[in-house]
Amino acid sequence: MALLCYNRGCGQRFDPEANSDDACTYHPGVPVFHDALKGWSCCKRRTTDFSDFLSIVGCTKGRHNSEKPPEPVKPEVKTTEKKELSELKPKFQEHIIQAPKPVEAIKRPSPDEPMTNLELKISASLKQALDKLKLSSGSEEDKKEEDSDEIKIGTSCKNGGCSKTYQGLQSLEEVCVYHSGVPIFHEGMKYWSCCRRKTSDFNTFLAQEGCTRGKHVWTKKDAGKKVVPCRHDWHQTGGEVTISVYAKNSLPELSQVEANSTLLNVHIVFEGEKEFHQNVKLWGVIDVKRSYVTMTATKIEITMRKAEPMQWASLELPTTKKQEKQKDIAD
């Protein structure tokens, strides 16, 4: 009857009558597992794969062994009912250290909070530029020009998206192709509210043909302020988020930036007759009291202090599919 060999690394069945001094190839040592490496204490080979470890050929020859090794002896645990509970307690003093409570994330405030006008800081460069152009004082000459019905050759059409200029009486008869809505910049996409042809490229956005036909508007008194797009970008540090709007010669007395903890509304008047509007639903929460606006001759920087020092994934909070459906229904 064939018997099972219990030598480590063998595990074969053998005939006791044919058992010789070199019939078994086995490991006399013990398994060693260290730093993900597996091997036997009796030989140097090591491997990280357990199946490979099991297939390591023994390093010693001898007789097959049919005796099952004894199971490891479990330590005897003596209990006495007479011992009091105090005697069973450990003989050292216990120190229970309570872990600090985790820092709770700031709960997102309601978007319906009242809006506050951010402080405007006007740079010396902007003051000099406005004085030079006489835009801040509004001279009598400018007023007369605005009230005049005369249209100068080369005057640009005031309709949004129209790039035509006045070339004479024939321009009065031309059909103007323009955008009747306002430019919208949202989550990296740029489009007009009237036709919603979205693009991520600013130059492509500027080149979009209008969706409405009508008459050119050549004079300021007919057009009022002209809403135009402005290139803008943003960056952040650990504690602040800064938006840069590239609008030249902005007018502080006609511009305002208002915000609450999660919303930002930007209204900038620049170069006398141009307006830029942008409403932003902020990704994070800001400290309105510590936020401000810096106006220079070439751009406007909106510096918003973060309510908590964390990295924003984006400037704007993405809208949910439900909100997009509700907006499409409203439109």
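Even glycines carry a Cβ here, placed using N, Cα and C.
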Same-site residue for Zn(2+) 3 (record: Swiss-Prot; known: Cys157, Cys162, Cys176; options: His186, His216): His216
Candidate sharing the Zn(2+) 1 site with Cys5, Cys10, Cys24 (per Swiss-Prot), from His34, His64: His64
Any further residue of that chain within 8 Å (Cβ to the Cβ centroid of His27, Cys42, Cys43, Cys59) of the recorded Zn(2+) 2 site: Gly9, Pro28, Gly29, Trp40, Ser41, Ile56, Gly58, Thr60
Among Ala2, Cys10, His179, Cys211, which are recorded as recorded positions, the nearest neighbour of Thr47 (phosphothreonine) by Cα: Cys10
Zn(2+) 4 site, defined by His179, Cys194, Cys195, Cys211: further same-chain residues with Cβ within 8 Å of the Cβ centre: Gly161, Ser180, Gly181, Trp192, Ser193, Arg196, Arg197, Gly210, Thr212
DSSP-assigned states of the domain 'CS' (227-316) in counts, ordered helix, strand, coil: 3 helix, 52 strand, 35 coil
